[in-house]
């Protein structure tokens, strides 16, 4: 070692690069990078460390100039003296010459942990210091594998979200397929059960069952069979067998008598009939009508909302109706009600007045007006002009009629108590007449459940006859020569054909001087022109029907006539002479007053006499003048001279 210059003492202060990197790797903890950038930086650090280690192994010591303060390329151990360096140089040269030196002879401080661990795997002399080509290739392969693992983990993180979405879509598709299979199995089972359904016989135990769930299930089964009767019926069973059993079950389930159930059932298709009976079990919404003589609907709604009432407009078809959903106070006892700002009235009761459409300064007759909802509505439309004759045959009911007229501020009404069939004998010549005829009440079963059991065939026959008499009296009470009127509206709160289309068809036959016109109501179902074995006039399709299950209001019927002439054809002009009916007079129990109808065989009241009944302008003028004269004489003592007649 004499020919090699010794390095300066200041050189042993500098740490060799390989040792520095090995110490860093030894002392730094092994942690996974938290982000992609951290992983890439760690990979770069590892590669740099490996490169520095290789350069340290392959480095050859070079002589330094006297002015150079740096140490050997492979470095010196900090704190070693010149003798140590000479020993290291000798060992280094012997390694270069290929001498067989064990790696363990080197200082552990110089080799570090990495070189010490690799001693076991070394196969040749000096391998621990410089390594072999195979080890370099292995280390390079390991570096590439580490880099590939890092970038592969990055790509896996990027595809995690896509994998989750794909798995989610697969799960959704599987759930949907399972649901469809379950639905298909259920439908298959239903079809099989319906095919196997057998009607119970008359002596079957199930007919005596009062379990409503069993009855309801049987009703549903029969309805399903009737809707697809050709494919689902049992053997040679007829449709009447199923309907007969269904009617019995419906009577038991809903509580109707057999006559009324059969009468209502045949008005609708099978499924719709069940909906109608179900709707009759639910009360109709509470509705009120704004009295436009005292307030407007917006102001009334705001006042009631301020009191905590939950309400909405009844619909686009009405400008005065409000539907009440909830109220913390009784809706019939609010200050607004007592002040006459509104009237508690069913929505269906708006319809006949809207169809009548009275005009200002007209004279209108309401033949059955109690308790006054329709009469006061007419007065509001007239704006307290003209005259409203509010008649009712029941004297007790006129008390509530008078009370409502006063409360709502109506000033153009006259309350009278006559049998409607006495018109026009009492007074006639009206511009418009409203007849809301007495009926069976089959449209308001939700309000009066007693209708289910207390109506019989005799009741319907009597009511139908009364309605026919009343509608003829209403037609005769109208003046066909009215400039603005000449209209009659017939309405009932029934859904039965006997009280509706049958009565209107009768009126068209008996009074050819009237015709049906549009009601002006833009909703509702058309009246029947055919019903079972009956055939009606084609114009009856202009009438309107309303059902609780379709329109969420009471069952109702509205028809509007237009009187084209005051002349009624004579008997010889009437084609249906054989069908002329004699109306038997109805006498009160007291016998004081005969409220009998017309007798077709009596010649005293001929068509010409009926034509002359009406308002006599001269007679009215004389009566008014006499009344004014009497009033002036009693109050102011003024006597009017009688009018001279030519």
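The backbone N, Cα and C atoms fix where each Cβ goes, glycine too.
Just so you know, TrEMBL annotations never went through curation; they're auto-generated.
Per TrEMBL, these features apply:
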ACT_SITE  493  active site, nucleophile
BINDING   368, 369, 370, 371, 372, 373, 374, 392, 419, 436  S-adenosyl-L-methionine binding site
COMPBIAS  1-11  compositional bias 'Basic residues'
COMPBIAS  12-22  compositional bias 'Low complexity'
COMPBIAS  40-50  compositional bias 'Low complexity'
COMPBIAS  81-120  compositional bias 'Acidic residues'
COMPBIAS  132-164  compositional bias 'Acidic residues'
DOMAIN    276-564  domain 'SAM-dependent MTase RsmB/NOP-type'
REGION    1-184  region 'Disordered'
REGION    575-612  region 'Disordered'
Other C-beta atoms that fall within 10 angstroms of the C-beta of residue 419 (S-adenosyl-L-methionine binding site): 22
Number of other Cβ atoms within 10 Å of the Cβ of residue 368 (S-adenosyl-L-methionine binding site) across all protein chains: 20
Same-chain residues at least 6 apart in sequence whose Cβ lies under 8 Å from residue 372 (S-adenosyl-L-methionine binding site): 343, 390, 400, 401, 403, 404, 405, 408
In whole Å, the longest Cα-Cα distance within the recorded S-adenosyl-L-methionine binders 368, 369, 370, 371, 372, 373, 374, 392, 419, 436 is 19
Validating a neighbour-count step here. Other CB atoms within 10 A of the CB of the residue listed as 'active site, nucleophile': how many? 23
Which whole-number mean pLDDT does the model give the domain 'SAM-dependent MTase RsmB/NOP-type' (276-564)? 94
If one looks at the chain holding residue 374 (S-adenosyl-L-methionine binding site), which residues at least 6 apart in sequence have a CB under 8 angstroms from its CB? 349, 352, 353, 366, 434, 436
Could you measure between residue 368 (S-adenosyl-L-methionine binding site) and the residue listed as 'active site, nucleophile' for me? Cα positions, answer in whole angstrom. 13
I want to check the contact list for residue 370 (S-adenosyl-L-methionine binding site): same chain, sequence separation of six or more, C-beta distance under 8 angstroms. What comes out? 392, 394, 397, 398, 400, 401
